[in-house]
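Scroll down for the structure; my scribbles are underneath it.
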Amino acid sequence: MTRPRNDTFLRALLQEPTDYTPLWLMRQAGRYLPEYRETRARAGSFLDLCKNPALACEVTLQPLARYDLDAAILFSDILTVPDAMGLGLYFAEGEGPKFERPLREEWAIRDLQAPDPYEHLRYVTDAVSEIRRALDNSVPLIGFSGSPYTLSCYMVEGGSSDDYRHVKTMLYNRPDLMHRILSVTADAVTSYLNAQIEAGAQAVMIFDSWGGGLSAAAYEEFSLQYMRRIVAGLTKEKDGEKIPCIVFTKGGGLWIEKIAAIGCDAVGLDWTIDIGEARRRTNGKVALQGNLDPNVLFASPEVVQAEAKKVLDSYHAAGGSKTGHVFNLGHGISQFTPPDHVTALVEAVHGHSRKLRQQG
């Protein structure tokens, strides 16, 4: 596997020097883009879009045609894994994702099995291969999965939740059942990410969207240890090239030293922690990804650029001038974001980071 012509993203993750700070955005292929909305309408439903490799490839490439981004990320959904476990994923209008068969009964939890990604998630690996061909070695492709804890939140609750009452009741009342779900899901995520790597993903990311809502002790027991297990089981190299891994816990700023110690190459940051502080606390052990507040993109282009420069300046002041930073948002981009504000962001990140490197 030869590196892409623009390998700045990969070099930043591996803490190799870069000429500028690379940039991509969580949910960069999404509803804020009119071209995405048109493709989504043609697909018929969100799930149909995810399960059609040609259309998933089309929407993956859309933001790259519009913006000078440094990486593509597979268009899919984290809930494809529990869907492949037989929980019956569907999307209710105005309510988001739901499962027909949430995990509440002990027998169902005992029967839970990790799916074969080449059998039950073939549409994802086919999409990865198709996207790699379409990218034609221009920029790297990121594969991804949800974390075991985040996936279990949906699997036990049966959908989104304000308080995660069912999953936290199980976590404290029946930790044995919770660990059974997490263990099977960790195996599923490991094989799923490795299948994406085999199909052509050049980096992978674990999204722990809900781990930040746990207590410190519960985070260590029910989220972090399973992400550590996944990272240990990932394919680290393919065709002579390293495959970097990013771990992102939304709300995990309190625990970044612990996250940095699980073996990942980079830690994703939300917007609630100063990135310079994060750099000092991790002391260059890992690369950092982030961490502009997504809501900044609702402000004027001038404000967007000023806020982006603050993130870059903070990282630079902490001694990370030429390496180890991938610029991103602190969470997914909103569907209400004006597309031209993203243009302003990309220009600011690339332009200002080049100037900082020239300053030394």
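Using the three backbone atoms N, Cα and C, a Cβ is placed for every residue, glycine included.
When the candidates TYR118, TYR154 are compared with the substrate site entry in TrEMBL, which names ARG27, GLN28, ALA29, GLY30, ARG31, ASP77, SER209, HIS331, the shared residue is TYR154.
Least packed by the Cβ count within 10 Å, out of the binding-site residues ARG27, ARG31, HIS331, is ARG31. Rounded to a whole value, the Cα-Cα separation of ALA29 (substrate binding site) and ASP77 (site 'Transition state stabilizer') is 12 Å. DSSP classifies ASP77 (site 'Transition state stabilizer') as coil under the three-state reduction. With helix defined as DSSP H, G or I and strand as E or B, the domain 'Uroporphyrinogen decarboxylase (URO-D)' (22-31) counts 0 helix, 1 strand, 9 coil.
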